[in-house]
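Under the heading Mg(2+) binding site, Swiss-Prot lists S100, D240, D242, D244. Per Swiss-Prot, the feature phosphoserine maps to S100; the stated evidence is sequence analysis. Under the heading active site, phosphoserine intermediate, Swiss-Prot lists S100.
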Amino acid sequence: MGKLFGTDGVRGVANQGLPPELAFRLGRAGAAVLAGKGDRVRVVVGRDTRISGDMLEAALVAGICSVGGQVLKVGIIPTPAVAWLTRDLGADAGVVISASHNPVADNGIKFFSASGYKLPDPVEEEIERLVLAPEDNLPRPVGVDLGRVKEVTEAPERYIAHVCSTAGRGLAGMQVVLDCANGAACRVAPAIFQRLGAEVSLLHNVPDGTNINVRCGSTHPESLQAEVVARGAAVGLAFDGDADRVIAVDEKGQVVDGDVIMTILALYRQEQGGLPGGQVVVTVMSNYGLHQALTAAGLRVQQTRVGDRYVLEEMLKSGAVLGGEQSGHIILLEHNTTGDGLITGVQLLQVMAATGRPLSELAAAMPRLPQILVNVRVGDKDAAMASPALQAAVAAAREQLAGRGRVLVRPSGTEPIIRLMVEGPDREELENIMAGLQRVASGL
């Protein structure tokens, strides 16, 4: 990765690591690179509900217009909607201003190509080179050659209609609780599930700019679990701040994570005549129970490094149409080019409606090995990963679990965090191993 672009675009604390000056330069450089030698570049721009979104959007849009680019503003809208709208509106690129599930102080800028995919590394590197250049030699048109901004007010409705079009049946009578994380799903999620006929109840659907992801959404499903049980609902869906991921809750209040959702979707498609490509792409963090359930059904499981960009790369290479992460970031390539929590949620409820089976029963198809995940905040994640003390602790843990489980340690792609994972047959043993790893990592 370069100095600016990480695994998920450019991220930082808004107004510090990601100031409006940088957003302006990214707008200029991005528009110039993506325009190539063609006519005026047309760029879709959307954002989530963060308080810093107005500031960064204004700077980014100014940068695009300053090189003659045309901006199609779609407002507060999910990240996957920006990817889809970029293609639907025939734009040359899309940009979303969001830090997904990160805290409110953070924000990010992520580009999509005309085809709705994340930009290839060489294109990001060229944008970064221009942004960091000592002199700005990009065009500065004047008069009628300046860019314009168009508000695309129908954008949310276009995306809502697209998501609903992926459903083969209605959801009449199904009680659904939606946790919108006070984020980008707040407008579109209720409309989608109500249009499909579900009886919808809402949690965390009143964004104020500062409450996005705060004790809610896919990273904090506790209140959704309680609400599903209290209402006697069939299912709950928790999105993150930009709705590119979703976690479900069954009728008993139990969390159904991305591994289980992928298993349910894959097994249903296999039963209905076969999953296109015959395989599912997951990361090394996926529970081994997923591998057991899918291989028993005759499906292949491909593993990648952690990160949706690596999942997508393998999907495109292998012809898979389903892939994703335990976190609920699931890519359904038949419907969108990136992880889409709304489409994933609709497809999960389609399986429930088609089979007439409760979610808890569908989820039981995946046996689950005990797995413990812990995030440890560190000063320098690269230095921490290279620490002899941590490496020795990991080696000892792996030796203890040899042949019976797994130990994974990796740096976050977007935060100063080391992620620890242990998996095996005995939870008490795993807790002891994790306590030792966490003690070492916390001291780095």
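Sequential numbering from 1, following the chain as shown.
Cβ coordinates come from backbone N, Cα and C, glycine included.
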**Asked** D240 (Mg(2+) binding site) has how many other Cβ neighbours within 10 Å of its own Cβ?
**Response** 34
**Request:** Run through the Cβ atoms and count how many others sit within 10 Å of the one on S100 (Mg(2+) binding site).
**Result:** 29
**Message:** Given a separation of at least six residues and a C-beta threshold under 8 Å, show me what packs close to D244 (Mg(2+) binding site) in the same chain.
**Reply:** P78, T79, P80, S100, D308, H329, T338, G339, D340, G341
**Asked** When you measure from the Cβ of D242 (Mg(2+) binding site), which residues in the chain that are at least 6 apart have a Cβ under 8 Å away?
**Response** D48, P78, T79, V96, S98, A99, S100, H101, G183, A184
**Request:** Using the recorded Mg(2+) site (S100, D240, D242, D244) as reference, state which further residues of the same chain have their Cβ within 8 Å of the centre of those residues' Cβ atoms, listed in sequence order.
**Result:** D48, P78, T79, S98, H101, G183, A184, F239, G241, A243, R245, H329, G339, G341
